[in-house]
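This report concerns only the one structure given below.
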């Protein structure tokens, strides 16, 4: 308690202490917005690469950045929801490749139409998500290990299965399927602006981000996601369906993987079976850069979307600047480390904030 010069207690306001307290409240409000760090990161990346890569701000450069960010953002937003609930999914990259390969095999080898093949691959992807979710809630095993195992199973099964059917890990000729023109309209439309071609994947990304934001902040399911990730025991005691919430979220990440795979296969009219081998961690990185805590209970879809933009801008900036591509990996490592340290500070700050 403050005292006067006479040693008596002072109960009046302390002007010198009010400003720091007010400043702390402002800081706490800022930290309550998960997307803030991602926005700051995006500004830093743009300021850094702007002078180094002048073509970054041309219509062609922007189209390349947004095209890359869209696919990363679709997966990153879905993974962000899962991270908020305190879970991981490392299999989403192979779900994307596996579902695309299944679509290609059904079209090329079995003669299916484009839409039936896409529907079948969606069902298969959802089944993978269902299995992931069930294994996590039924066994109590860490989702990191469960989905890593799923990734390895899908990788081996997809590559070996496709090779046995087509004698290759690539499937071509998907664009000859019945109904392909309507599929291209939905998943492959483009708009030419200057020297840049903007793809419909950008619209899918924005739509998914807005939908996920609404779900997190405006629905009971979103409340359950935060509760399961932030205080799982209390959530169960309050009757939150934590098992169902977890399974639904794994199905959502699987569906996002299917969408990424579909956008890819429609773009090139085929699929390469090895394209998803390096993406096991990219979507988690995007979500973490976007402000999601690895411990759950904190994060946002918008933050993950901006994280994807940061990731794509850095990658395109390195390419346009003419640097060795390996510098991107170093730059990404720095970004990830800063994001993890920032998230740690945020976590400690939020725990220290008194609850009223």
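Heads up, the Cβ atoms here are built off N, Cα and C, so glycines get one too.
TrEMBL labels come from automatic prediction, so no person has curated them.
Among the ranges 3-22, 143-162, the stretch that TrEMBL annotates as transmembrane segment is 143-162.
281-314 is the stretch from 90-108, 143-162, 200-217, 281-314 with the greatest number of Cβ pairs below 8 Å to the transmembrane segment (61-84). Under the criterion of 3 or more C-beta pairs below 8 Å, with sequence separation of 6 or more, the transmembrane segment (247-269) and the transmembrane segment (90-108) qualify as touching.
Against the transmembrane segment (30-49), the recorded stretches 90-108, 115-137, 143-162, 281-314 differ in Cβ pairs under 8 Å, and the greatest number is found for 281-314.
Within the chain, the transmembrane segment (90-108) has long-range Cβ neighbours (under 8 A, six or more residues past its boundaries) at 75, 78-79, 114, 116-118, 120-122, 124-125, 128-129, 132, 144, 147-148, 150-151, 154-155, 157-158, 161-162, 165-166, 171-174, 176-177, 253-254, 256-258, 260-262, 264-265, 270-271, 273-284.
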